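Trainee: Here it is, the structure in full.
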Amino acid sequence: MAETSNDTPWTVMRLLEWTTDFFRKKGSESPRLDAEILLAHARGCQRIELYTSFDKVPEEEQRVAFRELVRRRGEGAPVAQLVGYREFYSISIRVDENVLVPRPETEHLVIEAIDQIKGRLSDRPSPTVLDIGTGSGAIAVAIAKSLPKTQVTAVDISLTALDIAKWNVENLKLSDRVTLLQSDLFDGLEPDQTFDVICSNPPYISQSEYDELPTTVREFEPRGALLSGPDGTEIIARLLNDSVQRLNDGGQLIIELSPMIAGVSKTLAEQNGGYKEIHLIKDLAGHERILSMQKA
C-alpha cells in the first residue's frame, strides 16, 4: 500500500479494501480476514473494533507497522506467524516458525478424543492421553482444558517446538496436567508407560505432495513436521506398529492424515491385527481426515 500524493486519507476502511484486493491477487484464500487480523494487530485492538472505526485514520506508527505486515504476508508468511498466535478450539495458541500453525481440520482429532473419553472410556477416573508430535501443544491443551480430570503427556522431537508448547501450557495454567517431554515417538517414554488414548498429527506429506504445497506452508513452516517420506505413510506405519503396546486395554488410537493416504493407512491398520473398530472421520469439507481405532 503505497503512500499517495493525493489528499484521500488512509482510513481503516480504505486500508482494508486496498489490502484485501492485494491479498486476493496474491492468491490468499481469505484476503479480507487476513487484512483485518493484520490491521487489528498493528493497531493493538480486537478485530471487531475495526467495524466501529472504518472512518478513522490510524496513526503513522500503526500504518508503518501494518505496511510491513502486509509486505511479509504478500511474500507468503502465514498470518499466524506474523501476529504470533492462532485460534484453535476456541483457545489462543502461540506459534512461531518452529511449529506448524494449528489447522481447523485438527479440531476433528480433538473432538474424537474427547468423544471417546466422555463415551466409551468414561469409566476411567483419570484418563491418560499421549499426544505425539505435539508441536505448539494445541492438541494437548485443547484436550486438557476440555477434560479437567485428564492427564496428558505431550512429546516432540524438537526442543524449539517444546519451548512454544511450554509457553502455551503455562499460559493456560495446565502445567499440573500436561507433561512435556522430548521424544522421537515413544523412545523417550518409560518402558512400561501406557495410555487410554494416543493421538497424533504426525508428518504425513509425501515428497511429491510436499513439492506442490503453497509457498506459505513450504517455505515458512517446519519441514520436519510435514514431510514423512516418499509415500507419506512412513510415520503412520510406525505409530500403528508401536501404539498397540502403549495402549491400555480398550484404548483408542487417533491419527490425523492426508485424504490422499486415508485408504492405504486404514488398510495398514487392518493388516496390523492389533486394532478393531477401525474407521475414518471426514472433515467439514468431506475429506477423510482422521483415522481412529480401538485396541483389540
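Placement of Cβ uses the backbone N, Cα and C atoms for every residue, glycine included.
Not my notes, these are from Swiss-Prot:
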- Gly133, Thr134, Gly135, Ser136, Gly137, Asp156, Asn201: S-adenosyl-L-methionine binding site (BINDING)
- Asn201, Pro202, Pro203, Tyr204: substrate binding site (BINDING)
Trainee: Please list residues from the chain of Asp156 (S-adenosyl-L-methionine binding site) whose Cβ is under 8 angstroms from its Cβ, counting only those at least six apart in sequence.
Mentor: Gly133, Thr134, Gly135, Leu162, Ala165, Leu180, Gln182, Ser183
Trainee: From the Cα of Pro203 (substrate binding site) across to the Cα of Gly137 (S-adenosyl-L-methionine binding site), what is the distance in angstrom?
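Mentor: It is 15 Å, counting Cα to Cα.
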Trainee: Taking 8 Å from the centroid of the Cβ atoms of Gly133, Thr134, Gly135, Ser136, Gly137, Asp156, Asn201 as the cut-off, which other residues in that chain fall inside it around the S-adenosyl-L-methionine site?
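Mentor: Counting only non-site residues, the set is Val99, Leu100, Asp131, Ala138, Ile139, Ala140, Ala154, Ala161, Ala165, Ala225.
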Trainee: Measuring Cα to Cα, how many Å separate Tyr204 (substrate binding site) from Ser136 (S-adenosyl-L-methionine binding site)?
Mentor: 17
Trainee: In whole Å, note down how far the CA of Ser136 (S-adenosyl-L-methionine binding site) lies from the CA of Pro203 (substrate binding site).
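Mentor: So the alpha carbons of Pro203 (substrate binding site) and Ser136 (S-adenosyl-L-methionine binding site) sit roughly 14 Å from each other.
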Trainee: Given the recorded substrate site (Asn201, Pro202, Pro203, Tyr204), which additional residues of the same chain have their Cβ within 8 Å of the Cβ centre, ordered by sequence?
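Mentor: Other same-chain residues near the substrate site: Gly133, Ser200, Ile205, Ala225, Leu226, Ser228, Ile235, Ile236, Ile255, Glu256, Leu257.
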Trainee: If you count the other Cβ atoms within 10 Å of each Cβ, which of the binding-site residues Gly133, Gly135, Pro203 comes out on top?
Mentor: Gly135
Trainee: In the structure shown, which of the binding-site residues Gly137, Pro202 has the fewest Cβ neighbours within 10 Å?
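Mentor: If we count Cβ atoms within 10 Å for the binding-site residues Gly137, Pro202, the smallest count is at Pro202.
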Trainee: Express the distance between the Cα positions of Ser136 (S-adenosyl-L-methionine binding site) and Pro202 (substrate binding site) as a whole number of Å.
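Mentor: Distance between the two Cα atoms comes out at 13 Å.
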Trainee: When neighbour density is defined as the number of other C-beta atoms within 10 angstroms of a residue's C-beta, which of the binding-site residues Thr134, Ser136, Asn201 has the lowest density?
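Mentor: Among the binding-site residues Thr134, Ser136, Asn201, the lowest count of other Cβ atoms within 10 Å belongs to Asn201.
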Trainee: Helix, strand or coil at Gly133 (S-adenosyl-L-methionine binding site), per DSSP?
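Mentor: Going by the DSSP assignment, Gly133 (S-adenosyl-L-methionine binding site) belongs to neither helix nor strand, so it counts as coil.
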Trainee: Would you work out the biggest C-alpha to C-alpha distance among Gly133, Thr134, Gly135, Ser136, Gly137, Asp156, Asn201, the residues that bind S-adenosyl-L-methionine according to the record, and give it in angstrom as a whole number?
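Mentor: Result: 12 Å between the two most distant Cα atoms.
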